[in-house]
């Protein structure tokens, strides 16, 4: 990951070149500080203000307050011989501009920088902007030996993201009697929810691949399922939203097998057509339908808050914060859910219907899959106005893309050609965290030429309708009526062993280098002593020969 320095980036020190008097023109006075005001009422105030602003240096020049501040900063920087001599607040601001890899390089310089770089708050931002809040996290700041810092959590999750390129096992789950239309993974509880043409919602254990519970037949084809730790909702072709609330003390959260209970189960109906997509956030339920609307519901009261009208059937939606993106026909819509207004529309995104959407945790990246087999990546920019920019396009499939799932950095797609494609989007992301588009002229519609998908997974029949990602597993289902879990935990174990062996080799190499340097230093000392002894011996021999010659000369005399 290279460090990218934008041309528009400026150093935080203020430029005082405009406020300082040119020393070469000592005879000329700066009119901003010396010329009195033309208003007689404010002349007294201006004269006092000018006296406070006027300061003479050794050459008779006048300096402004901004220049004085910059000179004070220069004096501080002049006394600093290294970055560790700077104030901690300034070091923190410098580290805040770096990327994870660059922070790791800085931490290898010395112990003080290692402590500053490892404990910096920016690691939390790195983690949350990629994967959201951690699934299991002990309260930070407690004196628990098993707790992990934000840097350790980031490194561990980044390490997990490499497993999708390794070995895998396939667990096949049987239970559905007809095609499966929808899959939802609840990673925090290691649960999988599936449903389809057999009208039954099934709950599976993702770790063991076993069926936990199944609902009664709901009376229609279920095309959408969404779940979190408090609520499970399913939408079908009858226009009803079927929901289950989590029960306290239930290890599997939801009781699907018991008869209808008004306290834990509910039904909502307002759509006039089949429900095709569902989504949940902290306070709302989102439902899209072939009646060309998206309805926003309050989770507690189950009342409809807003109705968002489209021009075609709604196929998919992806909410984030106060906005929701939706695919209707071949167009892409963006809405403000608070007031129910349309923010932007991108027409003719695909040649045919846009069947699927996926969105990043930050909401800045949006992926679309369509009937033409293409996948588009969009960047959402929210400054004064709402802008959408297409960044990249892939065409990995020969059939329609029915489902997308994104977990940084992997985008997984399921298609009617019976294949899964895995795409790593890290190469397309800007490395400068502080990059902000300031001018509309910088927003163009040029699409980058990107590499093909990093991996394709085969082995299915035709028509994969649904896919989802959770931890080190990919769950997919389709027309065959079976659910498959691609388990990459073996790749994680292999990678961990390789990492441990690499660490041992590095440690042994460092130990050998240390011993070699010690032996070399001892050998050099011995060589120096032997050379000195030989030198002394030669000098002694010469002196003795000269002494004998002197004695012989005296005797002759």
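The backbone N, Cα and C atoms fix where each Cβ goes, glycine too.
Annotation source TrEMBL lists region 'Disordered' at 34-61, 536-557. TrEMBL lists 36-45 with the feature compositional bias 'Low complexity'. The compositional bias 'Basic and acidic residues' annotation in TrEMBL covers 46-58. Look at TrEMBL and you will find 80-126 tagged as domain 'F-box'. The feature repeat 'WD' is assigned by TrEMBL to 173-214, 268-307. Residues or ranges marked as compositional bias 'Basic residues' by TrEMBL: 545-557.
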**OP:** Taking helix as H, G and I and strand as E and B in DSSP, count the residues of the domain 'F-box' (80-126) in helix, strand and coil.
**Re:** 31 helix, 0 strand, 16 coil
**OP:** May I have the DSSP-based helix, strand and coil counts for the residues of the repeat 'WD' (173-214)?
**Re:** 3 helix, 23 strand, 16 coil
**OP:** State the mean pLDDT for the repeat 'WD' (173-214).
**Re:** 94
